[in-house]
Structures are given as C-alpha cells and as structure tokens.
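Some notes on the structure that comes next.
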C-alpha cells in the first residue's frame with residue numbers, strides 16, 4: 001500500500017510528461033497483468049507452494065521460495081505500480097474535462113472530486129464485504145478473479161469515452177523546469193555575474209508569449225506574470241541574466257511556476273499528521289474492538305471489518321456535502337465556491353483533532369468497564385459494544401473526505417498547467433507518509449516511556465494494560481499543534497492560478513500586461 005501511494009508521484013510525473021489519458025491506460029493494463037498473475041497462481045497448484053497441513057511443531061512448513069515467491073511479488077508490485085499510476089493520472093484526467101473559465105465548469109469540477117472520493121468508498125465497501133466473504137468461503141482465486149475482471153472492465157469503460165475526452169497537450173517534464181530553476185538560482189547566488197536588479201521581464205519576448213498562450217483554460221488573469229521578486233528571493237535569482245551560463249537562463253514564468261509549487265509544500269506537509277491519525281483506524285482501533293462485544297443483535301461482526309464504518313460515513317457525507325452543505329455555504333457567503341479549498345482542508349484537520357479526543361475518551365470508558373467488570377486480565381469480551389469505537393471512525397472518516405478531496409482540488413487548481421498531475425499526486429504521498437510516521441511515533445513513544453516506566457505505553461499482549469488513552473491524547477495534542485501550523489500557512493497563502501471567486505470576474509476585465 002505504501003509503495004502504491006508513493007508510486008502515485010511517478011504516475012503524476014508521467015501524466016504531466018505524456019498525458020493523463022495514456023498513463024491511465026498503461027497503468028490499468030499493468031495492474032491487470034499483476035492481478036492476472038496472482039489469479040493464475042491462486043488457481044493453478046503447480047504455481048504455488050503446497051498447502052501446509054502439518055500440526056507437528058517439530059515439522060515446520062516449507063518456506064516459499066524460488067519461482068513461487070518471484071511470481072507472488074512480481075504480481076503484487078505490478079499491482080502497486082498500476083495503482084500508483086492510476087492514482088496519479090485519473091483524478092487529473094477527470095478534472096481536465098471541465099471548463100475552468102466558467103463558473104458552472106468550476107462547480108462541476110469541485111463536484112467531480114467529491115464523487116471521486118465517493119466512488120473510492122463504494123469500491124472499498126465492496127472489497128471489505130463481498131470480496132472478503134467470497135475469499136473466505138470460496139478461495140483466494142475468486143477474490144483475485146473478481147478484481148481482475150473489475151480492472152479489465154474499467155479499461156473498457158474508460159476507452160468507450162475516448163472520443164469525448166479533453167486531453168491536455170504535454171508540455172514537457174515538470175521536474176526539468178523545477179530542477180533548472182533551482183540550479184540556476186543556486187548558481188547565480190554563488191557566482192553572480194550581474195546585479196540582481198537585472199531581472200529579465202521575458203513577457204515581451206516571443207518565446208515567453210508562446211508559453212503564456214499555452215496556458216489555455218486559465219483565463220486572462222491566470223496568465224498575468226508577476227515580476228516582483230519580493231517573495232522567495234532565492235528562487236527569484238534564477239531570472240538574473242547570466243551570460244556565463246546561458247543554458248541556465250529561466251523565464252519569469254518558469255520561476256513563478258516553481259514558486260507556486262514551493263508555496264503549496266507547507267500545505268502538503270500539514271496533512272501528513274492527519275493521515276498519521278487515520279493509520280490508527282487499522283491498528284489500535286481494531287484491537288480495541290476485538291476486546292469488546294462485537295454483536296449487533298444476532299450478527300457477529302469481525303473486528304477487521306471495522307473499516308466499513310468510515311467507508312459508509314464517506315458515502316453518506318459526500319452527497320450531503322455536495323448537495324446540501326455547499327449550496328448553503330454559497331448562499332451564505334455569496335461566493336462561487338462557498339467553502340474554499342483551504343477552508344475544507346482546515347475542516348478536515350480540525351476534525352482529526354476532535355477524533356483523537358473522542359478516541360481517548362472512548363478508551364478511558366473501555367478500560368473503566370474492564371476494571372469494574374474484573375476483566376482486566378481476561379480475554380473475555382467486555383460488556384460494552386464495539387460501536388463506541390465507531391465514533392472515532394465517524395470523525396476520522398469525515399476528516400478524510402474533507403481533506404483528501406479538498407487537497408486534490410487545491411493542488412489541481414493552484415499548480416501550473418504543466419505540473420498539475422504531479423502536484424495532485426502529492427495527496428497520495430501524504431497518505432503514505434502518514435502511515436510511515438505513525439509507526440515512527442509508536443516506536444518513539446515506547447522507547448521514551450520504557451525508559452521512565454516499567455513497561456512502555458504500547459507494549460504487551462493485553463490491551464487492557466496499555467496506556468492507549470495517553471497515546472491518543474498525545475496524538476490529539478500533536479494534531480492540534482499541526483492544525484495551528486496549518487493555519488499559519490493557510491492564512492498567508494494567496495491563491496495563484498484561481499483567484500478568490502468574488503474577485504475573479506473583476507480580474508477578468510483587467511487587461512493583462514503581457
């Protein structure tokens with residue numbers, strides 16, 4: 001999973017260099033090949049290790065190796081590569097279909113990101129219910145087979161719309177521009193040949209005029225190039241005319257594009273902590289539920305099926321947000337967006353703080369019930385329903401919807417046209433970094449608390465003796481600090497490619513200096 005999320009950056013980079021259309025087809029085909037390999041291995045006995053039925057501990061099962069393990073990991077990582085490519089290309093491809101020069105087009109694009117998350121939740125719901133049940137009762141080959149047919153069907157459905165798609169013309173590697181600007185700024189800082197005041201206003205050159213015209217779909221106000229180098233002065237040095245290094249000369253537009261990318265990085269980093277909180281849903285939250293009463297009436301719910309709760313919450317909240325909350329916000333604020341991208345991300349971060357506080361309170365209640373029932377050292381289910389744990393799923397699921405959809409739309413609208421897919425893919429990289437950070441924080445907490453107490457907070461086989469509530473309070477405090485850190489950057493951020501809605505029409509009437 002972590003590999004697939006990080007490979008979304010490769011998918012985004014490739015989409016900007018080639019096109020989202022072709023990268024999706026290639027990535028989906030790679031995922032199909034990986035799932036096909038896994039399906040064949042699960043179906044054909046000669047392609048997998050024999051089932052170990054030995055009950056004798058002195059006769060351990062034979063460890064898998066050779067061609068079997070090569071086929072297994074080849075299939076798994078082909079799937080990861082395909083998933084990464086799809087995540088890096090499909091959101092941008094969908095968003096490119098809407099005309100961002102019209103209010104209706106921008107509204108539809110915002111709805112697209114909402115329903116993109118909604119469709120992800122629908123797929124997850126089928127995966128953790130129907131597919132899991134079929135795998136448990138019919139075999140792994142059926143689960144892999146269903147996934148293989150699903151991705152093959154998606155390729156066919158995607159191709160059916162080929163004649164109607166708007167496909168962005170590739171403008172070259174976005175990384176080339178970024179590296180060129182950074183190297184030029186560094187070179188001009190170390191070896192200045194001319195004064196920093198000799199900044200070229202390349203807007204008047206034919207080359208730069210061509211570049212500006214290629215930024216179609218942005219409107220006149222979006223092609224306005226700012227030559228003031230007050231912000232990020234180091235990067236601004238890349239525009240200095242340096243005859244000693246002509247190959248490193250950068251246009252003002254290229255520098256402005258890199259500045260935009262640099263300015264969205266703090267927003268991106270602020271979302272990593274939220275995803276660190278989301279990691280608790282598949283770890284400690286499941287362990288909590290396993291110690292509680294998991295019956296709903298006569299139905300016994302496996303603790304591992306708890307992720308169904310945030311999925312259901314997302315499926316309910318996405319249409320409510322799109323059809324009730326947003327229209328109400330537009331009516332109140334008298335603006336096109338109603339709720340800006342940064343406000344939406346901030347709502348998600350704030351909900352993560354609330355979720356961790358709720359998780360701490362629920363854990364305190366769970367341990368209190370265990371102590372009052374005399375079951376602190378018992379493995380029997382506690383007389384408290386596991387639905388209490390679902391409360392933190394409600395808040396974290398809502399936080400994920402607000403932040404992920406808001407982050408993708410923010411990156412897509414703010415990034416330069418040539419870097420949109422790459423920056424949109426940062427949303428998935430944030431998720432991977434959050435999961436990795438969660439493991440790091442747990443290790444640090446155990447290391448520090450183990451030095452001052454007899455046992456660490458999160459150690460042992462009995463969850464009742466954990467200090468999980470303290471860990472959740474720590475996560476709540478860290479999330480709160482992260483929220484204020486986010487506010488620091490969000491309040492200072494000035495929208496670039498898409499101006500605030502109430503000013504957009506005014507700016508459209510101002511002639512461009514270009």
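Counting starts with 1 at the first residue shown.
Backbone N, Cα and C define each Cβ position, glycine as well.
Which of 230-249, 470-489 counts as transmembrane segment depends on TrEMBL, and there it is 470-489. From the options 327-344, 345-362, the stretch TrEMBL describes as transmembrane segment is 345-362. Which of 77-97, 140-160, 161-181, 182-202 counts as transmembrane segment depends on TrEMBL, and there it is 140-160.
Across 140-160, 345-362, 382-407, the stretch most heavily in contact with the transmembrane segment (470-489), judged by Cβ pairs under 8 Å, is 345-362.
Listed as Cβ neighbours of the transmembrane segment (304-324) (distance under 8 Å, sequence separation of 6 or more from its ends, same chain) are residues 111, 114-115, 117-118, 121-122, 124-125, 128-129, 132, 281-282, 285-286, 289, 386, 389-390, 393-394, 396-398, 400-402, 405.
Away from its own ends, the transmembrane segment (428-450) comes close to residues 1-2, 5-6, 8-9, 84, 87-88, 268, 271-280, 283, 404, 407, 456-459, 467, 471, 474-475, 478 of its chain (Cβ-Cβ under 8 Å, at least six residues beyond either end).
The stretches the transmembrane segment (382-407) and the transmembrane segment (140-160) do not meet in space: the count of Cβ pairs below 8 angstroms, excluding pairs fewer than 6 apart in sequence, stays at fewer than three. Residues 178, 232, 235, 306-307, 310, 342, 345, 348-349, 352, 355-356, 359, 392-393, 396, 399-400, 403, 407, 410-411, 414-416, 419, 423, 426-427, 429-431, 433-435, 437-439, 441, 458, 468, 471-472, 475, 478-479, 482, 485-486, 489-490, 493, 496-497 of the same chain sit 6 or more residues outside the transmembrane segment (260-284) yet have a Cβ under 8 Å from a Cβ within it.
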